[in-house]
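Residues or ranges marked as N6-(pyridoxal phosphate)lysine by TrEMBL: Lys43. Feature annotation from TrEMBL assigns active site, proton acceptor to Lys43, Tyr266. The domain 'Alanine racemase C-terminal' annotation in TrEMBL covers 245-370. Taken from TrEMBL, the feature substrate binding site covers Met314. Per TrEMBL, region 'Disordered' is recorded for 370-394.
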Amino acid sequence: MDGNAIGLRVHARVDAAAIAHNLAALRARLGPASATRIWATVKADAYGHGLHRVLPGLAGADGLAVSQLADARACRAAGWNGPLLVLGGLLDAEEAQRLALPDLHLALSHDRHIDWLAGVPSCAAPPWIWLRYAGDIGYTGFDDAGYAEAYRRCAVLARQGRIAGIGHLNHYGRAEQPDGIAQADARFQALIRDLPGPRSFCNSAALLRHPDAARSTDWVRPGIALYGASPLPDIDGPALGLIPAMSLHTRIIGIRDVARGERLGYNGNIVAAAPMRVGMVASGYGDGYPRRVPAGTPVLVDGHTAAMLGAVTMDLIPVDLTGLPPVAIGAPVVLWGTPELPVEKVARHMGTIAAELLTSLTPRVPVIPVPMAEPDDLEQKSKISGSPPDRPRR
Ligand SMILES: *Cc1c(COP(=O)(O)O)cnc(C)c1O
């Protein structure tokens with residue numbers, strides 16, 4: 001167990017240098033000559049990593065994308081001086097009245113959004129507008145019938161100097177598939193053919209699976225890949241050259257030899273089909289590790305792959321140590337998030353995705369930041385202030 005983890009039952013580690021590496025790796029995929037800029041998506045407190053912990057690794061990003069305006073203000077307070085994109089647009093008309101945040105970009109997805117902006121008499125720092133297309137997800141955004149009219153209304157606001165410019169935003173529903181974006185793209189491109197403005201279409205899956213399409217746009221919006229996890233079903237992050245940025249660690253706190261036929265767990269859910277050595281891992285659903293874990297889900301015990309037995313409790317997870325080299329009480333356990341056991345691999349066993357596991361850790365899990373060397377690139381440093389601004393921003 002490493003020195004920092006003494007006395008900790010369970011802990012997570014977050015490595016900002018891994019984020020910096022992943023950002024550079026995604027930029028390399030766009031190509032050396034690419035002018036495409038990168039919104040680093042940091043919604044849900046940077047996919048559960050903690051915005052303040054990942055920010056030192058995001059100095060090379062061109063902007064940050066968040067869910068709501070309050071998150072954008074939190075990014076400024078944390079020292080981010082670059083552009084901010086609010087993917088959820090505005091919550092209500094009041095929010096529109098107190099925008100004054102320099103370098104703010106708002107994704108608008110319905111007519112009320114435009115009404116609210118049109119109701120603002122003047123804004124010291126007019127925001128950029130990104131019109132969101134409903135696309136093949138269809139959860140939010142303008143559909144084919146309303147898009148051009150929304151653009152026309154925003155163009156009026158732009159001519160009056162009340163917004164800074166208009167861009168086009170789409171979010172794909174199945175970009176991880178080889179044929180996942182062609183149809184959605186053809187439709188949207190036809191719709192915006194005569195409407196000027198920058199384009200932002202691609203999440204991590206689209207960037208990784210369809211780099212040529214990503215390169216042809218002005219801004220991409222990767223999230224999960226920045227944190228080192230692959231969104232593609234057939235290949236893990238490390239094989240894509242990504243480094244996991246968060247890992248979940250605990251230890252073995254009990255070992256029992258169990259006879260054939262013996263039952264374990266609440267209601268005797270686990271039955272030993274043969275003599276077994278069972279290790280108790282000091283974590284559970286109280287830490288955000290899902291309760292319904294199928295038997296066979298992998299875990300690393302002292303560096304060796306072991307199989308979970310299912311039946312996770314609040315504080316304990318039983319694992320099968322039978323046949324493994326001898327394991328001692330206190331042996332280190334990795335639940336997920338290293339190159340040997342990527343979080344997406346564990347998520348696949350559970351029938352979920354990496355982002356859900358990353359955002360599920362509960363407050364009782366302490367997070368230890370991996371120390372990061374100071375960036376020596378002065379230009380990169382300039383986008384992030386060393387300390388939060390002391391002047392409140394409204
Ligand atoms: C979350 C989100 C992204 C990032 O998606 P990933 O799959 O994590 O790369 C991009 N765009 C929008 C609109 C999003 O909501």
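Each Cβ is built from the backbone N, Cα and C atoms, and glycine gets one as well.
The structure, with features from TrEMBL marked on it.
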| residue | record | CB count, 10 Å |
| --- | --- | --- |
| Lys43 | N6-(pyridoxal phosphate)lysine | 19 |
| Tyr266 | active site, proton acceptor | 8 |
| Met314 | substrate binding site | 11 |
Residues in the domain 'Alanine racemase C-terminal' (245-370) grouped by DSSP into helix, strand and remaining coil: 19 helix, 47 strand, 60 coil
